[in-house]
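Here's the structure, in structure tokens; my notes come after.
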Amino acid sequence: MGLVDSLLGKDARKFLKRKDSDAAEAGRALEELRSSLYNELKTSEGAKRQQQRFCGPVVAMSFNFVVAVGIILANKLVMGRVGFNFPIFLTLIHYTVAWILLAFFKSLSLLPMSPPSKTTPFSSLFSLGAVMAFASGLANTSLKHNSVGFYQMAKIAVTPTIVLAEFVLFKKTISSTKVMALAVVSLGVAIATVTDLEFNLFGALVAVAWIIPSAINKILWSNLQQQANWTALALMWKTTPFTVFFLLALMPWLDPPGVLLFKWDLTNSSAILISALLGFLLQWSGALALGATSATSHVVLGQFKTCVILLGGYVIFGSDPGFISICGAIAALGGMSVYTWLNLPGKSIDHMSNKQLPKQNVTVSKPKAEADDGGGETGVTVVSVDPLLSKTITANIV
């Protein structure tokens, strides 16, 4: 060491000591950050704060959009080239893999803490798990028995159903300008995508029956996260077992026989596993988006994806959906832009009208007794997978 010190010199030794000190400080800072995040995950309120901090509306919806496009390609491979024509069983595999991954996270203490059981009734979690299974299963069955156009019409009907359901359940209303923007979006998507309306009686009944579970599913995911301090992963952990149970019950009724005769070789199994991993990410990203925004905004995101796929195919791959379809997609994107602008902070009509009202200062003299008691003033300050690329794509509803 003496020889090394003599070769390095005094200045070099000081430099190395300073570097060691900086590295130690960086290590301590990283350890403190890790410890802080770990402690935050130990309470539902802390976990909720971390989710809101790292997964705001833009991040969550972008994450959901990218994963949704990826699973379209994966499921097209599985259902088309691989020939796995069992959409309910594929959805069951997706949720089973998600459950296994969540159990792995829990074993490593990486799963966020759930709120106290008394804050959320067991019936709410059970209902959400059941609704998820029916929304996924009925969506796949509708796509199997109806044309893409009729399936898309049922999908568009989810938007007004959500608005009506939120009014009935929570007395939640939206402004007339938002209603008009949503109407433009729905009409534009209908013009862009509904090219045929072929269906049979059974398929039509399934499509109509799917609308309500799909709407309620989105509303419950959004409401439980925003009102009851649930995080996406914690809620997935609690509800996925119920979803798996109901999918097992639906599979004999909605899937064709012969799943055990399928060729489960390495190539086919790998493709199905990749689809399942993307299905987990789709469920997680969809839950994050619903927790960060609202059920209506999540539906608009799905319609945005539809328009982007249609216009992207026209611009990039030279497909020709027709002039009317292109105009419909552009109109829908315009409606989405207006709806997004109206949801920005301070852009609502009510907020703007309140800002225009003159403020009046009113002085009220309080009785002496009330003043002596310290009385003060208080102020009160509120897997769907798009079917356009292929009719054989399964849907994972979140």
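Start at 1 and count along the chain as shown; that gives each residue its number.
Cβ atoms here come from the backbone N, Cα and C positions, even for glycine.
What you are looking at is a predicted structure, and each value in this text was computed from that prediction instead of being measured.
Record features, source Swiss-Prot:
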type     : residues : note
TRANSMEM : 54-74    : transmembrane segment
TRANSMEM : 84-104   : transmembrane segment
TRANSMEM : 119-139  : transmembrane segment
TRANSMEM : 150-170  : transmembrane segment
TRANSMEM : 179-199  : transmembrane segment
TRANSMEM : 201-221  : transmembrane segment
TRANSMEM : 242-262  : transmembrane segment
TRANSMEM : 271-291  : transmembrane segment
TRANSMEM : 299-319  : transmembrane segment
TRANSMEM : 322-342  : transmembrane segment
Contacting positions for the transmembrane segment (322-342) when only residues 6+ beyond its ends and CB under 8 Å are counted: 175, 177-178, 181-185, 187-193, 195, 297, 300, 303-304, 307, 310-311, 314, 348-349
Leading stretch by Cβ pairs under 8 Å, where the reference is the transmembrane segment (201-221) and the options are 119-139, 150-170, 242-262, 271-291, 299-319: 150-170
Recorded stretch, among 119-139, 150-170, 242-262, 271-291, 299-319, maximising Cβ pairs under 8 Å relative to the transmembrane segment (179-199): 150-170
Long-range environment of the transmembrane segment (271-291) - Cβ separation under 8 angstroms, sequence gap at least 6: 51, 55, 57, 60-61, 63-64, 67-68, 70-71, 74-75, 77-78, 81-82, 84, 90-91, 93-98, 101, 218, 221-222, 225-226, 230-233, 235-236, 297-298, 301, 383, 385, 396, 398
Tertiary contacts of the transmembrane segment (299-319) (same chain, 6+ residues out, Cβ under 8 Å): 61, 64-65, 68-69, 72, 152, 155-156, 158-159, 162, 182, 185-186, 188-189, 192-193, 218, 289, 325-326, 329-330, 332-333, 336, 339-340, 384, 386, 388-389
